[in-house]
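Single-structure report; data block below.
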C-alpha cells in the first residue's frame with residue numbers, strides 16, 4: 001500500500017496544505033521547527049489515530065481554530081481507499097470512503113505504518129508502558145480483533161479497580177464475576193502478544209545479524225505477568241493467579257496481574273540490552289523497525305508505509321548505509337524528514353523531494369547528486 005496524497009486543514013502549523021507523493025521515496029527537507037515532523041505526524045495519525053508526540057488532540061489544532069482535519073488517498077492491493085479524521089472540541093470522527101467508523105478496530109489497519117523516530121531509542125531502557133504501547137500499535141494494525149479484545153479488557157479492568165477502591169469488605173463472588181470477564185479478554189490479549197513477539201524476534205534477529213555482520217544475536221522475551229509455559233495454559237493460569245491475589249488486590253486497591261503489567265526484554269548475545277552500548281541500542285532499534293516492516297508484509301500480504309522522522313542524524317555512517325539499503329530492499333513507500341541532503345547520496349536519483357517552510361510544503365525538482 002502507499003499513500004497517494006495528503007490534505008491538512010488547521011493541523012498544527014498548517015492552515016491548509018496538500019501534497020501528492022510517489023510510491024517510492026519521499027523526502028521532506030527544511031530547517032527545524034518549520035513543520036516537517038508535523039507533516040509526518042499527520043500521516044501517522046491518519047493511520048493509528050494517535051500522535052507519537054502528544055496525548056492531547058487539542059495540541060494538533062491550529063492556533064485559534066476549533067477543529068482540524070486530516071484526509072488522504074490510499075492505494076491498496078484491494079483498491080483505492082479514502083481516509084479522513086476530523087478533530088474538534090466535541091471529539092473525533094474517523095471515516096473510510098466517507099463512511100463513519102463506529103469503533104477504532106473498524107478503522108485502524110486500513111493504512112499500516114511503521115514509525116522510526118528519535119524517541120524510539122528509549123524503547124529498551126524506558127518504562128514498560130512504552131513497550132506495551134509498541135506492541136499495541138503494531139498488533140492493532142495487523143489484527144483488528146486485537147484492539148477489540150484490548151478495549152474490552154481495559155474496560156473490565158477499570159470496573160474491577162473501581163470496585164476494589166470503593167468497598168470496605170470484599171465480595172469474592174462479585175469479584176469472581178469480574179475475574180471471568182477479565183480473564184476472557186486478557187488471555188486473548190496475551191495470546192496475541194506472545195505470537196507477535198515470537199514472530200517479531202525471528203525477523204529482528206535476521207536484520208540485526210545483517211547489521212552486525214553476524215557478530216551479534218538479538219532475542220526478545222515476552223515477559224507476561226501471568227506465569228505460563230504454553231499458550232493453551234494462559235486462560236487457566238491467569239484465572240488461578242487472579243484468585244490467589246484477591247486479598248492483595250483488595251489491600252492495594254488495584255489489579256496486580258494481567259496484560260496491563262506485561263513487558264518486553266531485549267537481549268544481545270544473551271546479555272540484557274539494558275547494559276548494551278549506545279551504538280548497540282541504535283542497531284537494536286533499527287533491526288526492530290525493519291522487522292516490523294517485514295512482519296507486517298508477511299502477516300497481511302500488503303506493504304506498510306515507513307516513516308523515518310529525523311533519525312538519520314541519530315545514526316552513524318554504517319547504520320545509515322544499512323538502513324537505506326534495507327529501505328531499498330523492502331521496496332515500501334518511505335518518508336524521510338531531514339535538515340540536509342548530506343546523508344542521502346545513496347538514494348535513488350528520482351526521489352520526490354519536498355521543501356517545508358513555515359507551515360507550507362511544496363514539491364522541489366532538485367535531484368540528488
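In case you wondered, yes, glycine gets a Cβ from its N, Cα and C as well.
Pulled from Swiss-Prot, these are the features on record:
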BINDING   30, 31, 32, 33, 34, 35, 36, 37  ATP binding site
Exercise for the section: Let me know the most crowded of the binding-site residues, choosing from 30, 35 and counting other Cβ atoms within 10 Å. Expected result: 35
Handout entry: Proximal but sequence-remote residues of the same chain as residue 31 (ATP binding site) (Cβ under 8 Å, at least 6 apart)
Key = 339, 357
Exercise for the section: Tally every other Cβ atom lying within 10 Å of the Cβ atom of residue 37 (ATP binding site). Expected result: 22
Practice task
Output, ordered by sequence, the same-chain residues six or more apart from residue 36 (ATP binding site) with a CB under 8 Å from its CB, or 'none'.
Solution key: 28, 29, 30, 310, 337, 338, 356
Problem - Listed in sequence order, residues with CB under 8 A of residue 34 (ATP binding site) and six or more positions away - result: 356, 357, 358, 359
Exercise for the section: For the recorded ATP site, whose residues are 30, 31, 32, 33, 34, 35, 36, 37, find every other residue on that chain with a C-beta no more than 8 angstroms from the centre of their C-beta atoms, and list them by sequence position. Expected result: 38, 337, 339, 356, 357
Exercise for the section: Output, ordered by sequence, the same-chain residues six or more apart from residue 32 (ATP binding site) with a CB under 8 Å from its CB, or 'none'. Expected result: 339
